[in-house]
């Protein structure tokens with residue numbers, strides 16, 4: 001085909017893409033805001049299961065002067081303040097609960113408001129990575145560490161410094177949420193995003209959100225874009241053949 005046909009096709013497609021682009025923007029806005037509400041509140045995607053380490057123990061895993069946590073690291077470590085006395089109380093109580101009530105269906109309860117703070121430690125994330133969640137403290141702040149026996153069992157749930165996938169994607173604000181939605185439109189690492197969100201918000205909201213995002217975004221919108229360009233190309237080609 002001649003370059004003239006190609007140029008006319010691109011120009012004609014751009015003129016016809018107005019409604020499609022408006023629909024894409026609406027879908028990014030809808031799923032971006034929805035993702036922030038479901039997965040971004042209280043820095044939920046930053047929390048992961050881990051262990052508290054002493055300064056001496058941490059030297060076996062990383063060099064503090066050169067270490068930078070990344071989502072690709074096999075071991076992620078961050079400075080955290082924990083109350084070791086309360087950690088011992090929690091682990092003792094949880095072990096007793098497992099021995100006495102694990103099969104009874106009675107939920108484990110532990111008031112961890114004062115678990116946060118105290119001794120300076122390094123929190124090391126477990127591998128493979130497991131995300132968890134911490135409730136808001138009575139003063140309205142988000143804790144650095146807490147107890148989440150559903151996700152972490154006898155380990156701690158602590159707030160890290162990185163997102164599960166990378167720093168450019170997530171649901172902290174509309175910019176990163178838009179990047180995440182667009183990445184899922186093109187099916188880039190979308191299963192990794194889904195897995196992290198399922199661990200954070202539960203399977204119902206996590207699977208429901210990403211199934212609809214892939215169906216409407218990846219399948220419908222991108223195919224609609226391709227169909228618009230193809231229709232314009234067919235029209236321009238027929239006009240060129242008539243001449």
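For all residues, glycine too, the Cβ spot is worked out from N, Cα and C.
According to TrEMBL, the features are:
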- 4-240: domain 'Ion transport' (DOMAIN)
- 20-39: transmembrane segment (TRANSMEM)
- 168-187: transmembrane segment (TRANSMEM)
- 207-229: transmembrane segment (TRANSMEM)
Positions whose Cβ lies under 8 angstroms from the transmembrane segment (168-187), at least six residues beyond its ends: 27-28, 31-33, 35-36, 38-40, 43, 45, 193, 210, 213-214, 217-218, 221-222
Predicted model, mean pLDDT over the domain 'Ion transport' (4-240): 77
